[in-house]
Amino acid sequence: MNSRHYPLLILALGAFFYLPFLGRVHLFDWDEINFAESAREMLVTGNFARVQINFEPFWEKPPLFFWLQATAMSWLGVGEYAARLPNALIGIATLLTFYRVGTYLHGPRFGLLWAVGYLGALTPHLYFKTGIIDPTFNLFIFLGVWYTYLAAQRHDKPKAGQLAALAGLFVGLAILTKGPVGALLAGLTFGIVWALARFRPLLRFGHALLAVGIALGIASLWFGLEIIQNGPWFLQEFIEYQIRLFSTPDAGHGQPFYYHFVVVLVGCFPLSIFAIRYLTASTDPRDFRLWMVVLFWVVMILFSIVKTKIVHYSSMAWFPVSYLAARHIADLLAGRVAWNRWLTAGLLLIGGLLGLLLTALPVVGRFKAMLIPYINDPFAVANLQANVTWGGWEWIIGLAYLAVLLTAIIRLGHFVRARRNNVPENSLPGPIWALFGATAVCLWLYLALIVPKIEEYVQGAVVRFYTERQGQDVYAEPIGYKSYAQLFYFRKQPPVNPKTRQSDYLLNGPVDKPTYLITKITVADQYRANPNLRLIREENGYVLFERK
């Protein structure tokens, strides 16, 4: 294929893999439902200037991503597809960005390799089919760092100021997406690169000031307006929340220091294995590899220090990992570095474990009765009681993935060692397509056929509980555990009775509407003896009550 057609190929691949089946699975509690609910409440209230949850101010996130979701919902209706569509489109934009940047740096073959590699990496692929903030935030941060790099290369040359302005624009958009951490990541990356360059001038002072000014100006479009309209309390709460995430294990998400390293190693497979060898670089700021190495270590160290650890907190590291992996693969194909046994071992080990896991999951679902006696968690045991129909063939997806993956790894190793030069300069060899295509196809099938069954075990009962009561003039609330499902799937409407935010009122107060409560089996006993409650049913780990 002519390299001029690569952007169309990447666009087609992105659309094929990212756009289908976005609405096939319910949104997952907490984050997916939380964010979609904030977007829904913007539509319900008509207030797009303030982020809300349960029709109260929500100070954990700025509004940009919710604006994108609300726009999609206004076009397609409130639902899972609209909530996830912005990230799917961002995913396509990310692949095209990688192609464009890679082509600029190293030629069209590298650009295609980078884009295809990211399409075929495990968690990067999955996250573009979710409704969480990070894929959008990550693209803005990457573009901010990229245009900073370009401005540094131009320095005193024409258009350096324009490039610095673009860097500020994207950092500002990142701040509007997830908050000051956007400025922190970009600022630390530039500062460390500058220090490694022994503080030689990278940007003219005026250009640096322009970038900072534009970033602050973009962020002030919302933060400043919020302060003007409602005073500083909202911003104070926002800052205190960010500090709490940094200093305490919020929401039960405390993990060991090495947590994010394991997440990136496994989640970014197979890119992560290729990237390991290139996690160091020279101190030459003209080499984009240095900027990516610094960005990687900034993300990994910063979020390893942060007490609250969630998978997507380190997802920004996937961008530099993908670039460094593509650099390594390109050097392997060009014969500049040798394929070693550790590369083979790492790919086979993690790939084999992932393939076995994906093969085993459907088998576990079908033969759950054999597994239940060994599970000590009563809630998990009750989840497994869900009536899910398995066809008995689903394990073939994982097994086929395992077979193709292992074959591709072995063939790629042989290909590199043989130093074959019969592949056109701008093309990728078959084993590369097989290696990354195997993961992409497996996830495409898994999300369409397997994940809906898994989701039924996890939250099918609770989602049904709320959707059955949509449009009814009743209270439907969780009790004894935190959830956002009641807001989105009950389609809660304002005004909200403030008393319903108090569990004692829901349990014992003089409620003015029929009231339905749901809790988990692990805490249900404390409510069973309540004379004000009547048990409706128990279903897959959840216990449903009605107020008498």
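For all residues, glycine too, the Cβ spot is worked out from N, Cα and C.
Caution: TrEMBL annotation is automatic and unverified by curators.
The feature transmembrane segment, as given by TrEMBL for the ranges 16-33, 88-105, sits at 88-105.
The list of residues near the transmembrane segment (342-364) in space but at least 6 beyond its ends in sequence, with Cβ under 8 angstroms from a Cβ of it, reads 122, 265-266, 269-270, 273-274, 276-277, 371, 390, 394-395, 397-399, 401-402, 405-406, 409-410, 413, 442, 446, 450, 453-454.
Counting residues 6+ beyond its ends, the transmembrane segment (288-306) has Cβ neighbours under 8 Å at 105, 145, 149, 184-185, 188-189, 192-193, 196, 245-246, 257-261, 264, 278-282, 313-314, 316-317, 319-321, 323-324, 327 in the same chain.
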